[in-house]
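For reference, the structure is listed below as structure tokens.
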There are 2 protein chains.
Amino acid sequence: PHVTHSQASSVLALLLLLEGGMFSASRPAELLEKVFQHIHDHQDEFVQTLKEWVAIESDSVQPLPRFRQELFRMMALAADKLRRLGASVDSVDLGSQQLPDGQSLPIPPIILAELGNDPKKATVCFYGHLDVQPAAREDGWLTDPYTLTEVDGKLYGRGATDNKGPVLAWINAVSTFQALEQDLPVNVKFILEGMEEAGSIALEELVEKEKNRFFSNVDYVVISDNLWLSRKKPALTYGTRGNSYFMVEVKCRDQDFHSGTFGGILNEPMADLVALLGSLVDASGRILIPGIYDHVAPLTEKEKNMYKSIDLDVEEYKNSSQVKKFLFDTKEEILMHLWRYPSLSIHGIEGAFDGSGAKTVIPGRVVGKFSIRLVPHMNMSVVEKQVKRHLEDVFSKRNSSNEMAVSMVLGLYPWIANINDSQYLAARRAIRTVFGTEPDMIRDGSTIPIARLFREIICKSVMMLPLGAVDDGEHSQKEKINRWNYIEGSKLFAAYFLEIAKLH
Amino acid sequence: PHVTHSQASSVLALLLLLEGGMFSASRPAELLEKVFQHIHDHQDEFVQTLKEWVAIESDSVQPLPRFRQELFRMMALAADKLRRLGASVDSVDLGSQQLPDGQSLPIPPIILAELGNDPKKATVCFYGHLDVQPAAREDGWLTDPYTLTEVDGKLYGRGATDNKGPVLAWINAVSTFQALEQDLPVNVKFILEGMEEAGSIALEELVEKEKNRFFSNVDYVVISDNLWLSRKKPALTYGTRGNSYFMVEVKCRDQDFHSGTFGGILNEPMADLVALLGSLVDASGRILIPGIYDHVAPLTEKEKNMYKSIDLDVEEYKNSSQVKKFLFDTKEEILMHLWRYPSLSIHGIEGAFDGSGAKTVIPGRVVGKFSIRLVPHMNMSVVEKQVKRHLEDVFSKRNSSNEMAVSMVLGLYPWIANINDSQYLAARRAIRTVFGTEPDMIRDGSTIPIARLFREIICKSVMMLPLGAVDDGEHSQKEKINRWNYIEGSKLFAAYFLEIAKLH
């Protein structure tokens, strides 16, 4: 029978899996062993470097000059580290940012770095960020957030897992080949930013600008900015949901009314708005907007089976989420409704009484806010039309004398990768090598625009390869990365380089 | 046939109306003419006194020591004025008030004053307040709010109509009898407070305490703290709506969720809450809570007719309210739905996202707030049960795993007076005398607890007799009282004294 290219590569992948997922050549196997041993032996140095990086308060969220200084110091430290590896480093000046209060703050540079440009090798590009969420001891940290502190193998500190640890794991992998005086199996590029937690200001423009220069010879992009689904089982992420954010305004007049002097004779905007918001989703979580599910990718048997092997303890998940009951009871249904089905959440209302106490106001103008997490293959403009038509329909049936206006204020597409793409297969083999197990093939229910941004602009294979465990507490007052994850993660990147090299 | 007492007094009232509403004795008629002339001739002095009172920034809303000093100065000035009329004045010390921030502020005294205690005369007690809402030139006032400024017969200034003008009108009436060396036709009492705009702190306790002393011989209570329904036609107010304020909490957990990582698998509290709030009232303003209309007083033909003669231009009302369309088209329906039917208003939600912008949060715990304006003869505890049962019913049908809790946090009964009560009939006659027209018999859709408080505690006839025109702009940046209303109002109180005297 005729064998297609993709069937052939599946067969190849299968054969490789059958032999334990490792490359068969004896030299690479020996090299890998040496690499692993080196990383193992130098782990304290690697932890020490992470400690130095965590010590920098590179907070991009609080717009204060002293944090910006720290961000510049952080980017300079990373540039220096890369230069010492022999990379050519370009710290791209991004000018400054005008804040709503009129203040102007400098934007930390984005680092574009490259190490090796052998046309016979594959070129992998790693995206990471070195800025962090705010953290202060008094927020409830048990240890100083900017002093990496090890407790029972857990390295607590702001940025430890998000995203300084993974950036250093990648650097550790590169530096290990150099320390062992081994040729790097791949050309390596870095794009490191310092404004991710503040919305990746200036990133998209730069990627667009560098599309035909810095990114022109990139074959694969790796992002390591999310977490496993489990504490122990590694994962590979192949999709994120998109988001379309809507605002629906109902207005009688700009000023509020007193409910004593007007209650009973008005079409009250809040009554209209709760009716509109109440028409969006039913008690079972199903979105009631006609046609909204029409383009959702049908569930295949193959996909369904993939969910079965994923490591998720529903009871533990419920407990750690402090949720009494989810809408679904099985692991498979829960994950599918987080990853591959759309969801609609009502976020709140602007313009109504939101304080404590008992104010007797009839709000004159209110804005309801809700968003729909989009999945393949929903079409943004179709969704926008469906939402608007539905709300106009519900509103017109009320025969209200108020004015209604619906707008989609944000639209971010979902991202999905082909899990049979050669980079994914290489990563799976690397994971088997390091962890001795197949990864959970996971998605992320939230919207991470970066993967889609790289995919859309530079049109190369993009993969999210997380290192941290599910309980790493990104953004929380107990952020940590396990020493084990950090060190095994460094090995994983080294193994991934060798797997990628074998593809070329 | 047997004639009851109330039938007899109706007949008497009718006879009095037929003769033009004026007392027939010649001496009182002459006296009244002199009184009116005196008030007319001394109007500039009366305006000057109002100017002095308005000049005091007796703001009870902003809890600042300097405003409290002004309030004490205001109460002392009023006490002095009453003493100079010959009244015995008791400035009741009310101690101090602990603010939420720990600050302690002194409460201005309540003045209890009496002038005359002839057991053969009726005793009328006037309630008024001398504190005002905040005002500052920069809020948008065209004139300095604390400098009474006359423009085209309108006296602009904070407190001019609410409530310093009406208090002085009453004092003007009393002082005119004295200036003319005429015996006061009635014994007069005053209860003047300085904390009305801040919720009448300590008033109820004092009235309760003085029930069998100061208030023991009071026959009639007059309040003049609201407005006419018209610019030109006087009004007499015989009812106010009550209010029952509800909070309904829906909780999944205390913390919020991220809509990316939890959207799709939760019973979201906001979805439950909008369904609950959406079940309360329909698009026509009708309350959907079963049984809620059961105890509403049926509309009689007589009552219906009363609405016909009321002076309300619906078009002008719509324009001045900046409302495109009311739920009802006729004057009668509008007024009935403001005054004699209950209404339900949704005020807002606490705990949801209420800022501007697009936050993708799933609120973990939200509190919806709504209130029902109560009318005779709704029963507070029945309403409370009906609301709770209804919400529990709607919630249980959703089968949500969240927790719901409903509480009634405030319950104020409506107030209604018997418009055939002798004090009302006397006031109507006085109005005809001064204005040459029957008053609009009006209610107030909002909740003014004072009338009900006096009625409940001292069990005497309570009447609300407004002096100000509908466009006086209480609480607004263009508060004023018309010179005409202030002066004719002073005459009205004098005529009212004489009408009351005739009842005894």
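All positions are counted from 1 along the displayed chain.
From the backbone N, Cα and C atoms, a Cβ is placed for every residue, glycine too.
Pulled from TrEMBL, these are the features on record:
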ACT_SITE  B:Asp131  active site
ACT_SITE  B:Glu196  active site, proton acceptor
BINDING   B:His129, B:Asp162, B:Asp225  Mn(2+) 2 binding site
SIGNAL    B:1-24  signal peptide
SITE      B:His258  site 'Important for catalytic activity'
Least Cβ-packed of the recorded positions B:His129, B:His258 (other Cβ atoms within 10 Å) is B:His258
In this structure, the one of the recorded positions B:Asp131, B:Asp225 whose CB has the fewest other CB atoms within 10 Å is B:Asp225
Given the Mn(2+) 2 site B:His129, B:Asp162, B:Asp225, its other Cβ neighbours within 8 Å of the Cβ centroid, in chain order, are B:Gly128, B:Asn163, B:Pro166, B:Glu196, B:Glu197, B:Glu474
If we take B:His129, B:Asp131, B:Asp162, B:Glu196, B:Asp225 as the recorded positions, which have a Cβ under 8 Å from chain A? none
Here the recorded positions are B:Asp162, B:Glu196; which one has the lowest number of other Cβ atoms no more than 10 Å from its Cβ? B:Glu196
So, three-state DSSP: helix, strand or coil for B:Glu196 (active site, proton acceptor)? helix
Between the residue listed as 'active site' and B:His258 (site 'Important for catalytic activity'): CA-CA distance (Å): 48
Pairwise CA distance, B:Asp225 (Mn(2+) 2 binding site) versus B:Glu196 (active site, proton acceptor), rounded so that it is a whole Å: 10
Quick one: pull the CA-CA distance for B:His129 (Mn(2+) 2 binding site) versus the residue listed as 'active site, proton acceptor', whole Å only. 6
By the DSSP assignment reduced to helix, strand and coil, which category contains B:Asp225 (Mn(2+) 2 binding site)? coil
Distance check, please: Cα of the residue listed as 'active site' against Cα of B:Glu196 (active site, proton acceptor), rounded to an integer number of angstrom. 7
